[in-house]
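Reading through the structure tokens given below for one structure.
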Amino acid sequence: MATKQASKFQKLSSRVANSPTSSTTSSSKQFPEHSIDGVSSPASSSARSKPQFYYSESVSVETERPKENVTVTVRFRPLSPREIRQGEEISWYADGETIVRNEHNPSLAYAYDRVFGPTTTTRHVYDVAAQHVIGGSMEGINGTIFAYGVTSSGKTHTMHGDQRSPGIIPLAVKDAFSIIQETPRREFLLRVSYLEIYNEVVNDLLNPAGQNLRIREDTQFVPNTRFTSATTTPQTLLKEDAGYCALFPLLGVWTNHCLIEVQVLILWNVNKRCLLILESILIIEEFTVLQLRNSMDNGSVLYPSPLSFRLGHSTSSGFSSQLSVSNANKHPPDGMVRGTFVEGIKEEVVLSPAHALSLIAAGEEHRHVGSTNFNLLSSRSHTIFTLTIESSPCGEYSEGGAVTLSQLHLIDLAGSESSKAETTGVRRKEGSYINKSLLTLGTVISKLTDGKATHIPYRDSKLTRLLQSSLSGQGRVSLICTVTPSSSNSEETHNTLKFAHRAKHIEIQAAQNKIIDEKSLIKKYQNEIRRLKEELEQLKRGIVTVPQIKDSGDDLLLLKQKLVDGQVRLQSRLEQEEEAKEALLSRIQRLTKLILVSTKTSHSSRVPHRAGPRRRHSFGEEELAYLPHRRRDLILEDENVNLYVSVDGNVDTSDDTFKEEKKTRKNGLLNWFKPRVFGIYSIVITTASLLTCLFHLSAIMLVAWT
Ligand SMILES: Nc1ncnc2c1ncn2[C@@H]1O[C@H](COP(=O)(O)OP(=O)(O)OP(=O)(O)O)[C@@H](O)[C@H]1O
């Protein structure tokens with residue numbers, strides 16, 4: 001039976017594997033969108049008004065940004081040896097390249113941007129579902145890739161992979177460095193952070209001391225947002241003139257669903273060269289500006305004109321004016337970026353793929369992993385690996401070029417658990433947190449695609465709070481849903497498919513983020529390097545201020561003495577300068593090392609626009625050493641898997657077994673090395689103790705004989 005099912009599955013999957021693949025790297029690519037076979041699509045009606053989201057950190061608000069949808073793909077994993085042994089049947093399968101169909105009810109089917117059968121490699125998944133996001137983030141467009149699916153459906157396999165099949169995260173890291181090498185016209189600074197959300201607590205995986213970190217709202221001012229007077233022409237000092245505004249939050253209080261913020265709004269009029277300071281209280285429900293009070297008597301205020309604020313009626317409650325956004329009430333005003341950040345998270349500048357992978361491997365040491373009925377090494381937390389990319393033009397192109405800053409979030413979600421998972425104690429508590437946060441994610445996505453929803457409950461879970469800017473359209477998003485074909489998970493797979501289908505309708509308007517110099521670390525380093533080099537030049541040219549010896553009419557002896565003193569001082573000064581030069585040089589070298597540049601000349605480059613899947617990454621020995629050993633598969637394929645499953649079907653979650661497995665999951669080559677060392681060690685110990693026993697025995701026999 002199992003063999004029959006397996007061969008059937010192979011037949012179906014080979015159909016998918018043999019079908020032609022297409023290039024999907026272009027930013028403006030449009031995937032087919034179908035609603036098929038009577039499956040009701042929650043947002044299939046094109047007439048329905050969909051919410052539009054704008055990325056508010058980009059420079060030009062006038063520029064038309066092409067709309068994109070979230071890229072949604074589905075990846076099947078093969079039936080596991082255990083499922084085959086248990087005679088599981090196939091209930092869902094990949095019907096061609098874009099459709100998932102139900103085996104028992106063929107009219108039940110869903111279409112996605114791409115469906116990957118169980119034989120598809122992670123590299124291929126990367127080319128189709130991830131490469132355009134990584135490419136975009138290297139050009140300044142934020143990107144988020146996340147794997148979603150029930151427990152044991154293959155999320156960690158897809159995102160992290162192992163030495164034999166590196167996952168999206170290591171492939172993305174490799175790709176980022178390859179792009180730097182292919183982009184000689186720009187220089188880059190890469191930083192990484194790695195966190196987990198475990199039982200609704202945010203922990204820093206790169207810093208064991210960073211536990212229970214706070215998520216903060218981020219209101220940033222974009223200083224180069226120009227504004228003209230609002231359409232309502234308020235009577236203000238700044239009437240009809242262009243200028244700049246800055247918003248400084250002084251105090252913020254979150255109630256259940258809104259933020260009350262006390263702010264100082266500073267307006268600078270370019271033409272009249274005058275400054276206006278307004279104190280305001282802003283009540284913000286998600287991105288909706290509800291009410292604003294300012295301290296001006298006439299109750300007028302200027303805002304960036306593209307947002308067209310209109311003045312409302314005065315209220316009796318002390319608010320002298322009420323403002324509402326005239327267009328779509330989910331738009332944050334330009335000049336304010338509504339996002340979130342984790343306070344106190346550690347960020348490390350990375351210099352090579354191996355360096356970044358070593359940090360991930362170190363972070364994995366601290367991630368919460370545990371055994372469940374379904375997965376011996378189940379992820380019990382959501383993890384977010386973030387690569388922050390800054391770049392600026394270099395060399396002959398550096399003049400006037402903007403600095404771009406973007407973030408690439410690579411997310412491995414914990415798997416939802418069905419009620420069939422008869423877990424107890426810690427695992428049950430973890431499972432309920434996981435399910436709750438995934439439920440909130442589902443609700444947020446439903447509301448985002450609903451079009452009528454006025455409140456999006458991002459704040460109901462840490463996960464959605466952190467994903468808020470990604471989900472609200474600020475950058476490219478790729479959702480990889482992992483599913484198992486097995487009949488025992490049919491219902492859960494169906495839920496995943498419905499979730500994926502809904503997510504397809506989220507619209508994004510990703511734009512390149514250009515930032516001002518002062519905010520950028522790369523500019524800070526570049527400026528410091530320039531300053532240090534100038535200092536060094538001055539030292540080399542000997543531009544030193546030597547105190548002049550004035551002819552004060554002293555006699556010759558005194559003059560001679562002064563000359564000798566001067567020589568001594570000059571000598572010590574020269575020595576000091578040598579030391580200073582060395583210190584400057586080493587600082588320049590240290591800083592320069594942090595900024596990554598291509599070793600190619602700019603003329604030999606064919607960048608910036610690359611087409612189609614192209615870079616074939618081969619991982620070096622050093623890099624592979626930081627990927628997990630292929631231990632998980634070996635365990636499942638191994639008949640000894642039953643050793644871990646007790647008679648009643650529950651998994652032996654004894655600490656020893658789990659700790660042993662957790663250990664073997666890490667640092668692949670080290671794992672290869674350790675058992676051998678310990679093996680040799682135990683052979684030596686055993687031989688030594690056998691020899692000792694033999695010696696004692698012969699001594700006893702000798703005594704007895706004498
Ligand atoms: N596409 C695939 N090809 C081969 N094996 C796979 C594939 N996907 C998953 N597996 C194997 O299935 C098992 C479970 O996968 P994985 O641990 O990635 O699931 P998960 O969704 O991350 O589970 P959890 O949510 O419990 O952490 C692993 O042994 C993994 O190697």
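Using N, Cα and C of the backbone, Cβ positions are placed for all residues, glycine too.
For 1-18, the entry in TrEMBL reads compositional bias 'Polar residues'.
Sequence annotations record features per position, and here TrEMBL assigns compositional bias 'Low complexity' to 19-28 (among others).
Here TrEMBL flags 40-49 (among others) as compositional bias 'Low complexity'.
The domain 'Kinesin motor' annotation in TrEMBL covers 69-506.
Annotated ATP binding site per TrEMBL: Gly149, Val150, Thr151, Ser152, Ser153, Gly154, Lys155, Thr156, in sequence order. Listed in sequence order, Ala147, Tyr148, Gly149, Ser379, Asp412, Leu413, Gly415, Thr482 are the same-chain residues at least 6 apart in sequence whose CB falls under 8 Å from the CB of Lys155 (ATP binding site).
According to TrEMBL, the transmembrane segment annotation covers 678-705.
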Three-state secondary structure, which DSSP defines for Thr156 (ATP binding site): helix
Local Cβ density at Gly149 (ATP binding site) - other Cβ atoms counted within 10 Å: 27
CB contacts for Ser153 (ATP binding site) [other CB atoms within 10 A, all chains]: 28
CB contacts for Val150 (ATP binding site) [other CB atoms within 10 A, all chains]: 25
The one of Thr151, Ser152, Thr156 whose CB sees the fewest other CB atoms within 10 Å, among these binding-site residues: Thr151
